[in-house]
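Q: Supplied in structure tokens, the structure appears directly below.
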């Protein structure tokens, strides 16, 4: 019986770091890092330009936007680069499988790097991968439009990465001279990315007295915002201090400073001659630049190739975190503070004004409020006036017995003052038709009442006495004694002479009738003259009274009197005489 013994497969557990180059600038950075011999890192290049992919040194490439760009590039349009990345998002995720840390590098200002880099970074971050962005900004001679596109791309990328490092190409002039070639200048910019990645990989892979694991690196770089990377080398006396100063003052970074950094990763590498005092001197100098409460992680490793040299690498994160939090709080506080102050102040003065004007008149409030709100709507105003006329008719009748007159009720009584005179000589049945034509008169008064309630209150208070005097006249009805003296004389004449005249008619002869008729004429003439003399003073006093046109129209008619107050029965008595005297006797008398 054979026994098969096999060696168990041991899965090597180590952090996997991927450098993802996007666009032309990212592909060039990857080529420079591969040429420098960076070990322990996987390289992936993605681009929309098929020709650029043929010149890359990376083994894993992604042709983005085959259907969108057909391999011709994005044409400096970030929208095209974004669409190309979204088209092959599944392939991007496959290349990120099993990655623990991803460096997304690109050149901002173009089409593919500016548009596709945020998509790649967001895909990596969604998988829980620690994502670090390292991008470059264009030169000033490339134009303002390209710079604005780059700034917008950096703003979008910062939302998708944990830590972002920005390297302006314009800063290359600080370290370049007239002999520096164009390719060498870009290689210097790529050295920043190379030193940062090498710093992290050396701490986790190479042998050393103070080794670091990937969890330490993740705690320093997770969601830290803007960051800076720097590396310095020195030899001879004071090499530790010189290397630390060179690492702190990196001339290629985007005007950043380590002041106030929340996370700090320090890597000190040297040969076997590295001393304890040199490590302390370098670490102390770097620690002075950051926040006292910053999370500082220090690692020291040995490299046989660095005999007589010391290399100090620094990764400072959370540089703008404190400033951003303070600015965000202040920005949130400023717009919110004035809002609750402005709204109550604008609403407080508007509320007491309508309440004060409406409190003294509780009943007409529903009538006044629609007039103020519907001044422009003439149709609604006419409807409201018709409703007011109906209410005024009811209010005029109900306010006769009201104990305490108010400003608005007085306005209604004043409007009906010319109508109150008509009740002196007109029956109650005639009051209704008289009030209807007089109602349009108070319309302008009612329209002005809600606009200026205070100005109308003064004349209204002077009217109550006049209204009471005018309403007292209808109580006294006309009697017989109020008739003119001419009418009284006529009434007396009808009562007294009638029986005497009837007594003489029966047995009277023809001659007596003639004489009696002549005497009757003389008596009537004397009576009329006496009545005229008696009625003269009374008629004069009657004419002195100011009679209104309404009273003259509705005064009792004098159907039996003429314009001079003479009695109409004279004509009747004369006619009676003409009827009583025969025709032949009338001829004889003539």
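Heads up, the Cβ atoms here are built off N, Cα and C, so glycines get one too.
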Q: With 24, 25, 26, 27, 28, 111, 112, 113, 142, 146 listed by Swiss-Prot as GTP-binding, which of these, 90, 178, 184, 190, is given for the same site?
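A: Record source Swiss-Prot; matching candidate: 190.
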Q: Looking at 319-345, 346-372, 373-399, 400-426, which stretch does Swiss-Prot describe as region 'Disordered'?
A: 346-372
Q: Report the same-chain neighbours of residue 26 (GTP binding site): residues 6+ apart in sequence with Cβ closer than 8 Å to its Cβ, ordered by sequence.
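A: Once residues fewer than 6 apart are set aside, residue 26 (GTP binding site) is near 20, 45, 46, 47, 104, 105, 106, 107, 113, 117.
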Q: Output, ordered by sequence, the same-chain residues six or more apart from residue 190 (GTP binding site) with a CB under 8 Å from its CB, or 'none'.
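A: Listed in sequence order, they are 28, 29, 32, 33.
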Q: For the binding-site residues listed here (24, 28, 112, 142), tell me which residue's CB has the most neighbouring CB atoms inside 10 Å.
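A: Highest number of other Cβ atoms within 10 Å: 112.
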Q: Based on the record's binding annotation for GTP (24, 25, 26, 27, 28, 111, 112, 113, 142, 146, 190), what whole-number value in Å is the widest Cα to Cα distance?
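A: Among the residues the record ties to GTP, max Cα distance equals 20 Å.
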